[in-house]
Each structure stands twice: as structure tokens, then as C-alpha cells.
Amino acid sequence: MLKKHQKKTGTSSYSSFFNCIEKNFDKATKFISIEKGLLEQIKACNAVYRVHFPIKLGKEIKVIESYRVQHSHHKLPCKGGIRYSTKVNQDEIMTLAALMTYKCAIVDVPFGGAKGGIKIDPQTISIEEIEKITRRYTSELIKKNFIGPGIDVPAPDYGTGEREMSWILDTFLSIKPEDVDALACVTGKPISQGGVRGRKEATGLGVFYGIRELCKMKKDMSSIGLNVGLVGKKIIIQGLGNVGYYAASFFYQAGAIIVALAEREGAIYNEKGLDVSEVILHLKNTGSILNFPKAKNIENTEKALELECDILIPAALENVINKNNADKIKAKIIGEAANGPITPEADEILEKKGVIIIPDIYLNAGGVTVSYFEWLKNLSHVRHGRMEKRFNENMNSELLQVMETTCKKKISPDDKKIILRGPREIDLVRSGLEDTMISGFHTIRDLKISLKIQNMRTAAFVLAINKIVDSYEKLGIFP
Ligand code: NAD
């Protein structure tokens, strides 16, 4: 944990990012009566591994700084993404690991929280060099027993994706070929390497399900002067990476109006709406979202957050909504797709303005939920749905025949097709994700109402802490 006297940042008066999360945790403990020592244990990071290693980049030897933090061992394995960014530091990785613990508890994924990070800019080094660094980092984790199907299972995060997860798996397999469960040492892999269908879009889709659920609540919507439903709602999304891109696509398909998209180099705006796939095509062709023919450029990308809209979705980095801009935010709903995008001071300002914030520890849990499905698939060594698909189709077919004979009526071939179809892996993954996000939303909302908690973030923390406490109490504390 960083010391209280450490330098404060320009955007927050808290001493560190970890300190911000502690503040949110402490707010929640007012609604829980549990022994102080146990709460301190839940808050603390159990294990922090920082490793520097040399890599030859071109003709030079560079020292690479990297981390893996296991925040909680109340359930094993630990689980959490790995990010590649020049901003990676111990405080950031500790905080993100802590968020993972609470996130897993909220969505009933039986893992402790973890996070990893390598301090590099993947955009300025070659793919071969990223591969070298990824493989070396993995072998450092193996040396210290910080990775393994039952120990700690990484996944993608900011700056990483399927490609890096494949390299991690391959490195693990080459060192531990005898481990029959090795595929489960990392999630977010390509399908051909043991990945699960639906993982790539899972976080963005989870964000969509969570916000859609709020927008169905008549009482909540009328409290902020909005109609129920997503159709016609004006949305701004910051970050068009894995999470932001998929979230934007699902909202667009559901009839919402994407009025602005913000990236590193600037933002684009069109009051009438942006076609997400056209913007992506433009990005692929030109290397930037700027100068999209059907939109206006906004050079200062941060200003996009302050534009008129109903829903704002930060899906890039932490602390982007802070005491400097919170007052200027016009959105009525903020969906935290990124981890920690709102500082505690901004949280208070927005709460006074009546903005509904759907917190990261619930809203972006879709990724870890589907990672859990991938881990289960790898441990069971069989694709989800493989055993039951044909059986279900045969059963449905017999049922249809009985119905047709009994009712003396033929069912149309189109209807038959829908009824007969047995579940594919993608169907099972998506329905598991949808159910998780819907029930997570209502559990938090019901708790918020029953305990008269001011906001969803505190209610989500109360829910998470109660579940972790329950786990500790049932396990007992090892002497
Ligand atoms: P990503 O690397 O795929 O995408 C991030 C995007 O943000 C990139 O397109 C980048 O150019 C853009 N960006 C960077 N700085 C920006 C700025 N100042 N303004 C606007 N855009 C900027 O990362 P991701 O996996 O989509 O992760 C985004 C956030 O979501 C992170 O906070 C991450 O921790 C969180 N998250 C990701 C997952 C997951 O499954 N990938 C799961 C849970 C939470």
C-alpha cells in the first residue's frame, strides 16, 4: 500500500489509486457489522511480485519493469488481466487486482482477484519484441509459482489480447508439458488454442447488458428525466479498443445513437449518430478516427466527455473523470466500462448532480465471467454444448412430432428451425453472461433500496464484502 504522504496527482487529492478504492471500501463498511481485523485483511493485497528482467531490443539491452499482484486468496485460483502500458506501476496493478476480487465476488465467479502489468508501450515496439517480453515475463511468473490453472490465471486487459494469451500458454506448455490442465493457465485465448466462443466481446456485451437493465427500470429512468429503453438514447464512448468497440457495436445495433467516439488522438462527433462499423473501417484505412467524413473532429479528446448525451461510457483508462471535469459532465448515466475511470471527488460531485453511475466492479465483470466459462471448458476438456447439442435437437424433434400429431397442424419450416436447434457454445456462453449481468444488477439494486444506500457503487461494495466475509468465515482463519 502506498504511504499517505506520497505526492498527490493533479486530478485527485487522494494519495494513490489504491487509496481511492480504500475510500470506496470504507464507505461500504458503514453498512456492514464485521470485525475490523477481517475487513483490514480483505482490503490488503496478499502478494505483490515485482520483477525486472533484461531484454535485447535491437542492439540495446533494456530493463523491463513488470508486476503480478494477487490481491486475495480467499478463493483460488486468482484471476485478472495483464496490461501493457507505459503508465503501469505498483499502485495501479494493486488497485486493479483489488477491483478484481470485488468483481468476482459480485458475479459469483469463484476466484480471488489478481492483476499483472508490464511497463511498455506496445505501439512503439515490434511484434517480435512484444513476444519476447511476454514469454520472458511468463517464465518469470512460472519460476515464482505466480501462474497456473489452480494458482493464478491471467487474461487480456489494456494493451493485450488473444495473441499475447497464446504466447503465455505456449511458454507455460513448454515448461510444464506434463500438466494435463495447462490450457486453463490463461484465458482470453483464440478458439484454436482452447479459447471459448464469446470471450472477445464479453466485457463490451456485459457493459451493454448492465446499462440496458438500468434503462428498463421505470422509476430510475424517471428520476433522471429519461424514458425507458435504449432506442434513441444518446451515447458517448471513450476508447475504441476491445471493450469500447464491442460496447459501441451492441448499443448501435440496439437502436441507441452513438453521438461521439473518443480515442487518444482526438474525438469525433455527430449529433445524428455515428455508424460504428463505418468508423472502424475508416480507422483501419487511415489509422485514426479523426477526419471521418460524416463527423466533426474534436481535437482535445477529453472535451468529448463533456458533450451533451444521455449515457457516457468511459472505456479506456482510470481517473479520466475527476475534480477538474466532473462538474462539466452532462450525461445522466455513466457506465464504467474501464476500471476506475471516476475519482472519489468526481463521484461526489456527480452524485450531487443526480447522475446514476453503474460501477466498474459490476459493469465490466462480463470479461471475467466468460473467462470463468473458458477456464471450466479447459478443465473439463470438452467444448460447451458438445455433449448435449444433438441430444436436445433429437428430443425437440420428437416433441414437435407429438405436437403436430396431437394438434393435427403442421409447424412451418422456419419455426421448426428455431425450435429444433440445440445450444451451441456461443448460445450457452451468451445466455450465461446475460443471466449473470441481469441478476448482478438486480442484487445490487435491491440491496441499495433495502439498506437505503445512496449509490450503486457503495451497494456493490457491500455485496462484494459480504460475500468475501462469508467465504472467510466458512473457511476459518488458518492459525
Ligand atoms: P484496449 O487496449 O483494447 O483499448 C483501449 C483503447 O483506449 C485503445 O483503443 C486506446 O487507443 C484508447 N485510449 C487510450 N488512451 C485514451 C485516451 N486518453 N482517450 C481516449 N481513448 C484512449 O483495452 P481494453 O481491453 O478495451 O480495456 C479498456 C478498459 O477496460 C481498461 O480500463 C481495462 O482495465 C478495462 N477492462 C477490460 C477488460 C477486457 O476484457 N479487456 C475487462 C474488464 C475491464
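Every residue gets a Cβ built from N, Cα and C, even glycine.
For Ser371 (substrate binding site), the same-chain residues that are 6 or more apart in sequence and have a Cβ closer than 8 Å to its Cβ are Lys79, Val153, Ala155, Thr187, Gly188, Arg199, Ala202. DSSP assigns Ser371 (substrate binding site) to a helix. Residues annotated as substrate binding site in TrEMBL: Lys79, Lys103, Ser371.
Marked as active site, proton donor by TrEMBL: Lys115. Note: Lys115 (active site, proton donor) has non-local neighbours Tyr67, Arg68, Val69, His71, Gly80, Gly81, Ile82, Arg83, Ile93, Met94, Leu96, Ala97, Met100, Asp157, i.e. same-chain residues 6+ apart with C-beta under 8 A of its own C-beta.
Reduced to three states, the DSSP call for Asp157 (site 'Important for catalysis') is coil. For Asp157, the entry in TrEMBL reads site 'Important for catalysis'.
For Thr203, Asn242, the entry in TrEMBL reads NAD(+) binding site. Contacts of Thr203 (NAD(+) binding site) defined by a Cβ separation under 8 A and a same-chain sequence distance of 6+ are given as Asn242, Val243, Tyr246, Ala247, Ala337, Asn364, Gly366, Gly367, in order along the sequence.
Counting only residues at least six positions away in the same chain, the Cβ atoms of Val109, Gly113, Asp360, Ile361, Tyr362, Asn364, Ala365, Val368, Ala464 sit under 8 Å from the Cβ of Lys103 (substrate binding site).
Most buried of the recorded positions Lys79, Asp157, Asn242, judged by other Cβ atoms within 10 Å, is Lys79. The DSSP secondary structure for Lys79 (substrate binding site) is strand. Excluding the listed site residues Lys79, Lys103, Ser371, the same chain places Gly80, Gly81, Met100, Cys104, Val109, Phe111, Gly113, Ala155, Ala365, Gly367, Val368, Thr369, Tyr372 with Cβ atoms within 8 Å of the centre of the substrate site Cβ atoms.
For the substrate site, whose annotated binding residues are Lys79, Lys103, Ser371, the maximal Cα to Cα separation is 13 Å.
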